[in-house]
2 protein chains.
Amino acid sequence: MSKVTVVGSGNWGSVAAKLIASNTLRLKNFNDEVRMWVFEETLPGGEKLTEVINQTNENVKYLPGIKLGKNVIADPNLENAVKDADMLVFVSPHQFMEGICKLLVGKIKDGAEGISLIKGMEVKKEGPCMISTLISNQLGINCSVLMGANIANEIAMEKFSEATVGYSQHKEVAERWVQLFTTPYFIVTAVNDVEGVELCGTLKNIVAIAAGFVDGLEMGNNTKAAIMRLGLKEMMAFSKLLFPSVKDSTFFESCGVADLITTCMGGRNRKVAEAYARNGGKRSFEELEEELLKGQKLQGVLTAKEVYEVLSHHGWLEMFPLFSSVNLISQGRLPPSAIVEHSDNKSRCLYTRKFGNSSL
Amino acid sequence: MSKVTVVGSGNWGSVAAKLIASNTLRLKNFNDEVRMWVFEETLPGGEKLTEVINQTNENVKYLPGIKLGKNVIADPNLENAVKDADMLVFVSPHQFMEGICKLLVGKIKDGAEGISLIKGMEVKKEGPCMISTLISNQLGINCSVLMGANIANEIAMEKFSEATVGYSQHKEVAERWVQLFTTPYFIVTAVNDVEGVELCGTLKNIVAIAAGFVDGLEMGNNTKAAIMRLGLKEMMAFSKLLFPSVKDSTFFESCGVADLITTCMGGRNRKVAEAYARNGGKRSFEELEEELLKGQKLQGVLTAKEVYEVLSHHGWLEMFPLFSSVNLISQGRLPPSAIVEHSDNKSRCLYTRKFGNSSL
């Protein structure tokens, strides 16, 4: 019987614990108890967050109003939370993962399996720092990923949704993750393409910025759909240049086209980019981010900048007119309207020649 | 020098004539003049529509306010309009095509090439009646198609957009069509998959109905994205069952994912389906169609019914839970909420087994 621990207890982490807890109760091959590591906080009333979660069965701070299941046990002690776990679900903010991994070295069970639900890797000049790779390398365990069109609050309310597990080696492992997460309203599919799935979760944020520009310029649904499609193709092309093993089919999964749609329709990247274009680029992203997101952080602008450096480093800029434009616009080096003017003949030709129909 | 005739002069036909006319003037291998066959009408003031178009350069009835180009000549005489044409652009309402073809038999130039911009073929039990095939068979000419995320009025205003040419045999022919339609704001790509491209233009309307149900039920972006993705996969699967030559990559083109996005965001199918779900299925589609569309017709409900018959005939219903549900819901045999309940284990399993990742 596998024991499961969720490392992280924010909004998405709490929803993940809820999904998992409903399955460990139901399925014989999992231990009922789901341990959830909680970064301890003292609530305004003076109580400890973990104590309140364990008493009320709710994460009152990050997912109020939703019962997690009585078999979810909040644990403020990271080492204790992971020590017996056979399956580790990583779902903390990405900037904390390096620190968490360091604390976990040597503390986890032999043969444990990991899965990362964390979107938003860094993309360095040498290539992207996949969070699954970080976990895998630091802890010496196999690490899959789960991504998709997953707005945590909607899943918490049990609205129908889907997700994709990306795995690298063992199909049986992927099937166990699928079992652990699937519910009647949350359908999970596994694909043998961990890099493709994880890259989708990061690159989509660049496209969402582009979609936001189109919204701000009031260019209509046609243009927005065209920009989303071009973005999807650049996501595929970029992923395949970095990892030739990446599969086109991954982009038809929830982690690909569906997450892209959700992110370009709602989502904070789109929202701030829309405001940026409405202001004609005269107010900076930092300023709008502060005003509109109240402390939450934008991923897309940073990712666009990082990806631009990779493209520039390899001489690939002309093949990625959309990714390039998003960066140049958000840095104030091009006006927002440039998002649809990147299609000058030269780059378009190069682009089509390289990634047009023949590449598919 | 090729002569071009546009057969049809509605909203989309007029925009097509405008796009084409800007290119025949610019490119040496086309005759400047673009002839546009207009079904003659007498306007409220007593003038003939063709005369007004030729005097004002505007289709005052179907695309007011937009100059078509002085080289567009409206012609009320079908036979005269087509007799010298080397390239025939078909863009009349689909229910008129059979009649038009009959009138054209023996009247067109040897070696002429056709292209259909008409969305909405019928799907009969024996399979779909492709409009390109109808034209091709009736007139004995080769016929390509052009489809995409193309809201006519947005393209008329020169907002950035894309389209896909589907061709069956000669790449050079497709390239000529691409040349004829491409402008700096309208980017056209050719794919060797006429059936795939044409089927996209019809099947997307079923998915738009599903998306409308999700909107009416207020299920959020997550669910909507999931439904659109499942719809896209059923579009692929259905097309490939009917025509094994259909390519997955076609669904990444403008005719596929981009047109699907536009249609599921705006669009009349989505709109009426939303109203249907909001009313809990208590008011019929016919009633809502009349109230909301004021004379325009819904494609999606009819297509869903036709496709259902094909699925039923072949015993494929369980493999297409979304397509099936759309029909059963719009016929009042299931409640709108069934759109997300089609994912019961049995059909989902079958579906995944048959069209999951392995098929891609």
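Yeah, the Cβs are placed from backbone N, Cα and C, and that goes for glycine too.
Here is what TrEMBL records for this protein:
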type: ACT_SITE; residues: B:Lys204; note: active site, proton acceptor
type: BINDING; residues: B:Gly8, B:Ser9, B:Gly10, B:Asn11, B:Trp12, B:Gly13, B:Phe39, B:Phe96, B:Ala152, B:Arg268, B:Lys297, B:Gln299; note: NAD(+) binding site
type: BINDING; residues: B:Lys119, B:Arg268, B:Asn269; note: substrate binding site
type: DOMAIN; residues: B:3-171; note: domain 'Glycerol-3-phosphate dehydrogenase NAD-dependent N-terminal'
type: DOMAIN; residues: B:193-341; note: domain 'Glycerol-3-phosphate dehydrogenase NAD-dependent C-terminal'
Neighbour-count leader, CB within 10 A, binding-site residues: B:Lys119, B:Arg268: B:Lys119
Cβ-centroid neighbourhood (8 Å) of the substrate site, B:Lys119, B:Arg268, B:Asn269 excluded: B:Gly120, B:Asn205, B:Ala208, B:Thr263, B:Gly267, B:Leu298, B:Gln299, B:Gly300
Spatial neighbours of B:Gly8 (NAD(+) binding site) that are distant in sequence (at least 6 apart) but have CB under 8 A: B:Met36, B:Trp37, B:Val89, B:Phe90, B:Val91, B:Ser92, B:Pro93, B:Leu117
Residue among binding-site residues B:Trp12, B:Phe39, B:Lys119, B:Arg268, B:Lys297 with Cα closest to the Cα of B:Lys204 (active site, proton acceptor): B:Lys119
Under 8 Å by Cβ from B:Gly10 (NAD(+) binding site), same chain, sequence gap 6 or more: B:Tyr62, B:Val91, B:Ser92, B:Pro93
Lowest local Cβ density among B:Lys204, B:Lys297, which the record lists as recorded positions, within 10 Å: B:Lys297
Distance [Cα-Cα, Å, rounded] between B:Ala152 (NAD(+) binding site) and B:Asn269 (substrate binding site): 16
Annotated substrate contacts B:Lys119, B:Arg268, B:Asn269, maximal Cα-Cα distance (Å, integer): 14
Between B:Trp12 (NAD(+) binding site) and B:Lys119 (substrate binding site): CA-CA distance (Å): 11
Coarse DSSP state, helix versus strand versus coil, of B:Ala152 (NAD(+) binding site): helix
Integer Cα-Cα distance in angstrom, B:Lys297 (NAD(+) binding site) to B:Asn269 (substrate binding site): 9
